[in-house]
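Record features, source TrEMBL:
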TRANSMEM  A:20-39  transmembrane segment
DOMAIN    A:20-440  domain 'DUF112'
TRANSMEM  A:45-71  transmembrane segment
TRANSMEM  A:110-134  transmembrane segment
TRANSMEM  A:140-160  transmembrane segment
TRANSMEM  A:172-193  transmembrane segment
TRANSMEM  A:205-225  transmembrane segment
TRANSMEM  A:259-281  transmembrane segment
TRANSMEM  A:325-344  transmembrane segment
TRANSMEM  A:356-376  transmembrane segment
TRANSMEM  A:396-428  transmembrane segment
TRANSMEM  A:435-453  transmembrane segment
TRANSMEM  A:465-488  transmembrane segment
Amino acid sequence: METLNFLMQGFGVAMTPTNLIVALIGTLIGTVVGLLPGLGPINGIALLIPVAFALGLPPETSLILLAAVYLGCEYGGRISSILLNIPGEAATMMTCLDGYPLARQGMAGVALSLSAWSSFIGAFIATCGMVLFSPLLAKWAIAFGPAEYFALMALAILSLSGMAAEKPVKTLVAALFGLAIASVGIDANSGVYRFTFDNVHLADGIDFVILVLGLFSVSELLLLLEQTHHGQVAVKATGRMLFNVREARSVFMVNMRSSVSGFIIGVLPGAGATLASALAYTTEKRLAGADGKFGKGDLRGLAAPETAIGAAVCGNMIPMLTLGIPGSGTTAVMIGALTLYNITPGPLLFQNEPNLVWGLIASLFIANVMLLILNVPMVKMFTKILDVPNWSLAPAIAIITGIGVYAVHATTFDLVLMVCVGIFGYIMRKLDFPLSPLLLGFILGELMETSLRRALSISNGDVGILWQSGISQVIWIVCILMVALPFYRAWRKRRAPKPATV
Amino acid sequence: MIFQRAFMAVWLVAGLVMLFIARDYQAPFSYEPVGPRAYPMLMFGLMSLGLAYLIIRPTPIGDGEDQKPLDASSLRKVVACCVILLGYALTFQPLGFPLSAFLTATLCGLLYGGRLMPCALVSLLLSISLYVLFDRVMEVPLPLGVLEFLEG
């Protein structure tokens, strides 16, 4: 009952005219950013943070803006997947598999509206899950001490690399690098300058906006240079634009199953929408068995990943709000945005900033409805954006990125640093190092160091405190499982071919 | 594979240098058992270990969209783009945003295969409209640089 009151309060915050307009603008920007291949939610959000801050938006309003952009990106990514067979966003890769064949069969309109509907159901169910579970988790998490936090962050990092199927070590190295460079700047506890090389601009550490924009926008610009799919023509969305009741009913169970699995994966640290959509797709494919035409335009193959993405995006925000620990690159950027406002996300957020938390949750409901309404009639307009040629898109990205970085400290140093970070990020991407673990590590680094030091101060230097409590023991056991996961996978892979050949 | 090893080797050396530098970080006064050097040393140390492992046993590079091998002409374009972006970074303040952005956008557009006149036109519109949007409407101050006389 108490939760319901809070939710009503949240709707009160989200329904103010400013916040409604902000949510609408956010969903529009998000859809466009998601639509453009290469630009994802991380870029979109990172570019908007300095703007939101400069505009003097209150924290809840800018968080609503960022969340609407995040949600909108996933809606937009789907459009280019279905019409162009190019995922507009990493998570919507699975949507191509059945969405594009459907579009080729003249069902583009149906595919677009049905996938929007699926996304909506997924996000709606996940937001309900958020309302139910996050206050409980927050209440429980208040008991966490620094030792538990340290273990939890270790878990976030380790599960990130445990889940990365092919390249656990590369993922771990990237995350550790992020954790390490978070220590650049003045050490808050002792006042020692670390890795500043007597440079004034580094005394405050590397600003995360610079890191994000360099890593993601600049490296993306460089990758765009070699893109070859210029001439690809989008399939025209003609004929029936709306799905009918029979089609909606045929995928209803798929929607339900994928929502639940997407939500759970979204809550887990390190996984996120990309894994959720892949898992939902393969599960449905297996369940359908022989009577499915997966890969050739099955509505279930379209609905499953889209539902899971919608659910995972909302599930992702639970650890961010309740524990202050991001589970994905995008939520890491959102945490960075909150720290600009001197708000430390964590269990106390639910007590101290109910307007912020519940306003955000309520606005997720609203943004979702907006996206569903916007997406059906406005699809034709959005597809026009896909016609913008690279030679006018790339310069615009470059210039806006520069503005975003300049808005932080107004120094040339930051701009040069951003370009250097971008070149480094580009090489990393070329060599198959994932970038979001680096970002996640960078955001977690400071918190991880303070909790480690605080824990050891409590125990007067005894390392044993890190695994004394029951909670932290459980977390460490899960950590060990995560470390073992890649080894288990490798072992099973080596064993698997043998029975097949017999 | 050679390039991958070389890149990781440079990265490893940088990590070890950082590790070495971090050894000297000591607080003049300390009330806590863990000083400022433990955490960076731990992280850079673990990272170096991971890199060393990768140098000995590199993972094959996946065949994703991002990991396509570069040919000579793409490489030239990438280098050119880096130079343009660095130029943008360095001229942002001295030349001022509108001029610097106009030059960068035009050159950048040419690099992405646009023709001169359309690129210049788009860049002109972009730089002016973004300046007005950010500096005037959204109050993100941007430098005018050499164009400052226009303001008076």
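Cβ atoms here come from the backbone N, Cα and C positions, even for glycine.
Here the transmembrane segment (A:259-281) has long-range neighbours at 74, 90-95, 97, 121-122, 125-126, 129, 133, 155-157, 159-163, 294, 301, 304-316, 318-319, 325-328, meaning same-chain residues at least 6 beyond its ends whose C-beta is under 8 angstroms from one of its own. Distant neighbours of the transmembrane segment (A:20-39): 14, 48, 57, 61, 64-80, 84, 86-89, 220, 223-224, 227, 363, 366-367, 370-371, 374-375, 382, 385-386, 388, 393, 397; these residues of the same chain sit at least 6 beyond its ends, with a Cβ under 8 Å from one of its Cβ atoms.
Beyond the ends of the transmembrane segment (A:140-160), by six or more residues, the same chain brings 171-172, 175-176, 179, 268-271, 319, 322-323, 325-327, 346-348, 437, 440-441, 444, 447-448, 450-452, 454-455, 458, 465-469, 471-472, 475-476, 478-479, 482-483 to within a C-beta distance below 8 angstroms of the stretch.
Outside the transmembrane segment (A:356-376) by six or more residues, the chain places 6-7, 9-11, 13-15, 19-20, 23-24, 26-28, 31, 59-60, 63-64, 67-68, 71-72, 75, 112-113, 116-117, 119-120, 123-124, 127, 130-131, 134, 241-242, 310, 314, 317, 321, 343, 349-350 with a CB less than 8 A from a CB of the stretch. Ranked by the number of CB pairs under 8 Å to the transmembrane segment (A:205-225), the listed stretches A:45-71, A:110-134, A:396-428 are led by A:396-428.
For the transmembrane segment (A:396-428), the list of distant contacts is 39, 46-47, 49-51, 53-54, 174, 199, 201, 206-207, 209-211, 213-223, 435, 438: same-chain residues at least six beyond its ends, Cβ to Cβ under 8 Å. Stretch with the largest number of CB pairs closer than 8 A to the transmembrane segment (A:45-71), among A:110-134, A:172-193, A:325-344, A:465-488: A:325-344. Contact count against the transmembrane segment (A:172-193) (Cβ pairs under 8 Å) is highest for A:435-453, out of A:110-134, A:325-344, A:435-453, A:465-488.
Between the transmembrane segment (A:325-344) and the transmembrane segment (A:110-134) there are fewer than 3 Cβ pairs closer than 8 Å, counting only pairs 6 or more residues apart in sequence, which means the two stretches are not in contact.
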